[in-house]
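The transmembrane segment annotation in TrEMBL covers 275-299, 410-430, 464-482, 510-531, 537-556, 568-587, 593-615, 655-674, 680-701, 713-733, 764-783. Sequence annotations record features per position, and here TrEMBL assigns region 'Disordered' to 309-373. TrEMBL lists 318-332 with the feature compositional bias 'Polar residues'. Marked as compositional bias 'Acidic residues' by TrEMBL: 363-373.
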Amino acid sequence: PGAGQPAGRPPFGHVYRGAVNISAERVYAFAYRSEPGQVDAVRVYVNSSSENLQYPVLFVVRQQKGVLSWQVPLIFRGLYQRTYNYQEVSRTLCPTEPTPETRPSEQVIFVDVASMAPFNIAYELLVTRLENFQLETNKAFNFTASPSQPQYFLYKFPQDVDSVIINVVSDAAYPCSVVSVQDIVCPVYDLDHNVEFNGVYQSMTKQAAITVQRKDFPGEQFFVVFVIKPEDYACGGSVPSSFRGNVNRTWNLQRTKNLQVTIVPSIKKSVYVQAMFFSFLGFLSFYLGSVIVAFVHYIRVQRKASAGRLSPEHGSGMMTSSHPISASTPEGSSYGAIDESSSSGGRPLPSPERRAPGSDTDSSVEEESDFDTMPEIESDKNIIRTKVFLYLSDLSRKDRRIVSKKYKIYFWNIITIAVFYALPVIQLVITYQTVVNVTGNQDICYYNFLCAHPLGVLSAFNNILSNVGHVMLGFLFVLIVLRRDILHRRAMEMKDIYTLDYGIPKHFGLFYAMGIALIMEGVLSACYHVCPNYSNFQFDTSFMYMIAGLCMLKLYQTRHPDINASAYSAYASFAVVISLAVLGVVFGKNDMWFWVIFSMIHVLASLALSTQIYYMGRFKIEGPDSDVGMFRRALMVLYTDCIQQCSRPMYMDRMVLLIVGNLVNWSFAIFGLVYRPRDFASYILGIFICNLLLYLAFYIIMKLRSSEKLLPIPMFCIVATAVVWAAALYFFFQTLSSWEETPAESREKNRPCILLGFFDDHDVWHFLSAAALFFSFLVLLTLDDDLDTVRRDKIPVF
């Protein structure tokens, strides 16, 4: 007998050798003393040299409150009916609960060894007590495990700790392992085929992290279980090549893994409060800044009004205009101007009698000399929109009220789309979260587990909270647009002629739609981060497509108010894009045929859209007056102008933009066809963003070429947009997880929190991208405020 070992019992730490058969079995009784308040764990090691699977050696361990049994050889099953057999097995017995007695108590364990073999089968048995069974807070513990020798340990919550993070690391990615957290209940599920039956679990290569809360364990303690899988398929590995052809069995495959576990306290409740205050107060500062800017502008307008430089009515209608309108504009220069004597019931038609052909620029004179000035000809859209030099007055001839109502449809339609899209999304992610909570399978969702702070039923509340910026700034943008809209209506009601004849036509429907889209991007991004994975990533990108598309439409609408796309066709186009994104998720992984079809659609759509833009929407493909064929005519124009005559294109600026745009889109199509990126949703989003940036850069360059100015507010917004986007993209490319890989491989990228001990890099991306989108919207809103004092027949179209 050893220390603490009663006399007459087999001692711990001694190897027992024997043999069993159908008529001879062995029973061993081990006894030990358990100290008051102490949890004792016993580990049993057995092995047998027999490879006879028909007559395995059976080991049954009987304890006070449970029975544990296994056989040797121990068989594990893998893919395609492969079997992995192990002749050496060790298991930790379920520990007895501490007794309230004040004196030591004696515990007895019986080990039965038997076999149905008609011949003797030799075995070895070793029973030991574990010295380091209970894990300590903030103290690393190293150990090894294998498929037939799993390990588990006990952890008790300290008095002042409500939540802990279990960090497990290994130098080697393989063999694949599973980390499980289970309640103090016997039996403990510590084999590959049953570890998923209870508790919370993750697959692991080099790193795993599980957040555990005290409230989830009434006994304020739990087991941390470590299981090594017989194959690496679940972690992204493959079956060893030497065994691919052998579907029968493999013996004693060496799959030992060295692991280190450290349990550290998680954040306290006060950090949650600080993080929420930081998030809301940070974006409320944007509201404060907007109020200050509006107040300063109001003071400036009142001062100018009192000085007689600007009428109060006009000042209230033009939010950022700081220049008085000159009354000395020569009437002869009013090419395409509005007849001021028309009735107030809408947008008057231009009056050709007010033109003086010799008073405009040379290009204008040349343009007018090409056409008859009869009203019937002047009012023909085909004549006007095919001029070499177009001005805003040529493309803002429709009734203002009709056009405004047309653009308001964007606003109402996107609200309808948002409701019908968001409700099933919310229902689905709630189901995802419920499945994670019920099954305990943390491989379903791709969190950054080193910085995933739960709250209620949510596993990563920080990733959801960080999207509040999109919602708050989207609502703020809607308020800013609403203020401009109200001030503009007041000016219109007071029949301010400058509001009618000067500057960019004020249509706010697309701006409202952009604000709603920003709000919904925050909502759907939060839904995606409830349980981020490959299947629901489209939720995070759907409204990104819409934001990029609406921004391009708004930029085009600015100088083409009469010929912009209708809300129905625009949203139908977005629906097609989202449908393609869904098809890409399903078929875009390895199917070459999908990429061929998509690339063809992409290239043809680029050519078709380019033709419509080049001819200002007067290039028809249907109806009795339709052209013979869009692409046929495009090829003929290309051949005639560029090959046969080498002539200068009629619309040089538009041609340059469209050539560059087509080259960019064709490059995307070729890239997708060659590399076939798995993240198809991000691939489509990249196409949208590149086209938007290209068009915005073209617009600003052409604006400066036309001797137009950038006022301080749009200039500040442009600089702020560039700076914030640069910072946001830096954090965006700090990859913390990736559903393009297995959950175990994704966890290798997990990193600790970087902001307030609560937010990770991706949360900072959420904050900065919300601000960047807000500033981007302000750029579009204020970019042409310098034109509020310029007649529309002097504003070029590009």
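Using the three backbone atoms N, Cα and C, a Cβ is placed for every residue, glycine included.
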Under a Cβ pair cut-off of under 8 Å, which of the recorded stretches 275-299, 537-556, 593-615 contacts the transmembrane segment (568-587) most often? 537-556
Annotated stretches the transmembrane segment (464-482) and the transmembrane segment (537-556) touching (3 or more Cβ pairs under 8 Å): no
Spell out yes or no: are there three or more C-beta pairs under 8 angstroms between the transmembrane segment (510-531) and the transmembrane segment (764-783), with each pair 6 or more apart in sequence? yes
In terms of Cβ proximity under 8 Å, which residues at least six beyond the ends of the transmembrane segment (680-701) contact it? 537-538, 540-541, 544-545, 548-549, 551-552, 555-556, 558, 577, 580-581, 584-585, 588, 602, 657, 660-661, 664-665, 668, 672, 710, 718, 779, 783, 798
Between the transmembrane segment (410-430) and the stretches 537-556, 655-674, 713-733, 764-783, work out which stretch tops the count of Cβ pairs under 8 Å. 537-556
Remote residues contacting the transmembrane segment (537-556) - C-beta distance under 8 A, at least 6 residues beyond either end: 410, 414, 418, 421, 425, 429, 510-511, 513-514, 517-518, 520-521, 524-525, 527-529, 564-565, 570, 573-574, 577-578, 581-582, 585, 613, 679, 681-682, 684-685, 688-689, 691-692, 695-696, 699, 739, 773, 776-777, 780
What residues in the same chain, six or more past the boundaries of the transmembrane segment (655-674), come closer than 8 Å to it by Cβ-Cβ distance? 595-596, 598-599, 602-603, 606-607, 610, 613-614, 649, 683, 686-687, 690-691, 694-695, 698
Other parts of the chain folded back onto the transmembrane segment (764-783), taken as Cβ under 8 Å at six or more residues beyond its ends: 279, 282-283, 286, 320, 463, 466-467, 469-470, 472-474, 476-477, 480-481, 484, 511, 514-515, 518, 521-522, 525, 547, 551, 554-555, 558, 696, 699-700, 703, 710-711, 713-714, 717-718, 720-721, 724-725, 727-728, 731-732, 734, 754-755
